[in-house]
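Colleague: Features from Swiss-Prot:
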ACT_SITE  K95  active site, schiff-base intermediate with DXP
BINDING   G156, A182, G183, N204, T205  1-deoxy-D-xylulose 5-phosphate binding site
Amino acid sequence: MLKIADTTFTSRLFTGTGKFSSPELMLEALRASGSQLITMAMKRVDLQSGNDAILAPLRQLGVRLLPNTSGAKTAEEAIFAARLAREALNTHWVKLEIHPDVRYLLPDPIETLKAAEVLVKEGFVVLPYCGADPVLCKRLEEVGCAAVMPLGSPIGSNLGLRTRDFLQIIIEQSKVPVVVDAGIGAPSHALEALELGADAVLVNTAIAVAHSPVQMAHAFRLAVESGERARLAGLGASPFNPSQPDTLQLRATATSPLTGFLSQLEEQEHV
């Protein structure tokens with residue numbers, strides 16, 4: 001079981017709603033995925049009616065909807081979008097996305113942290129999409145985010161876990177769930193993330209653009225289940241498996257440590 005804020009999930013596969021060829025195919029694929037948390041871009045929703053081609057099928061699934069702020073380029077725009085989503089969809093959950101760079105869609109760390117602080121204070125359950133930066137993820141955790149969502153590789157690239165080393169550090173030090181988001185292009189990537197110790201993955205493009213989105217969604221479902229079972233069963237030597245010896249070096253070692261130098265300076269000051 002995975003708990004985020006006040007909600008428990010039995011599925012560790014979260015999914016998106018973009019790029020499907022039809023709402024009907026989207027609904028069928030999401031059913032096959034077994035996902036219980038589905039994200040949707042507010043810019044694609046008809047806020048006037050609150051009931052459109054995206055919302056109608058999603059509500060049939062009985063899942064938790066996670067509106068995202070995709071398209072926002074600043075903290076102010078993201079906060080505005082989150083407030084709109086809360087009113088239109090009656091949810092205080094939000095996936096925080098701020099990416100001003102339209103070419104690579106990389107998240108803006110400064111604006112993301114600023115928006116997260118405001119939204120958490122307003123009572124939102126904030127799940128921020130961010131770079132695989134261990135320092136930033138810790139800061140997002142400290143301001144009250146319910147989970148962190150570091151990228152595996154750029155959105156829609158299907159390149160897999162190109163940030164693996166940094167994801168390891170994030171997972172090791174995080175006290176909130178870690179959801180690997182973006183770049184997961186094959187079921188094997190999702191399995192790898194779960195074996196690594198991630199709490200969940202979010203997949204959209206790889207399912208939506210597959211020759212058979214329904215079969216691919218089911219494949220991802222099985223991969224995530226397998227990855228979680230493998231981790232719980234106890235992989236070989238790994239820093240995430242306390243029953244086995246830790247043979248991996250994950251800590252940095254300074255080539256020019258300042259310890260002795262600073263001690264000498266302190267001694268000189270006291271002379």
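Cβ from N, Cα, C; glycine included.
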Colleague: Just to verify a number: CA distance, A182 (1-deoxy-D-xylulose 5-phosphate binding site) to the residue listed as 'active site, schiff-base intermediate with DXP', in angstrom, no decimals.
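Modeller: With distance taken Cα to Cα, the residue listed as 'active site, schiff-base intermediate with DXP' is 13 Å from A182 (1-deoxy-D-xylulose 5-phosphate binding site).
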Colleague: Determine, from DSSP, whether G156 (1-deoxy-D-xylulose 5-phosphate binding site) sits in helix, strand or coil.
Modeller: coil
Colleague: Could you tell me the C-alpha distance between G156 (1-deoxy-D-xylulose 5-phosphate binding site) and K95 (active site, schiff-base intermediate with DXP) in angstrom, no decimals?
Modeller: 17
Colleague: Given the recorded 1-deoxy-D-xylulose 5-phosphate site (G156, A182, G183, N204, T205), which additional residues of the same chain have their Cβ within 8 Å of the Cβ centre, ordered by sequence?
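Modeller: Apart from G156, A182, G183, N204, T205, the close residues are G16, P154, I155, S157, N158, I184, G185, V203, A206.
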Colleague: Give the maximum pairwise CA distance in Å, whole number, for the residues G156, A182, G183, N204, T205 listed as binding 1-deoxy-D-xylulose 5-phosphate.
Modeller: 9
Colleague: Please list, in sequence order, the residues in the chain of N204 (1-deoxy-D-xylulose 5-phosphate binding site) that are at least six apart in sequence and whose C-beta is under 8 Å away from its C-beta.
Modeller: T15, G16, T17, G18, K19, T39
Colleague: Helix, strand or coil at T205 (1-deoxy-D-xylulose 5-phosphate binding site), per DSSP?
Modeller: helix
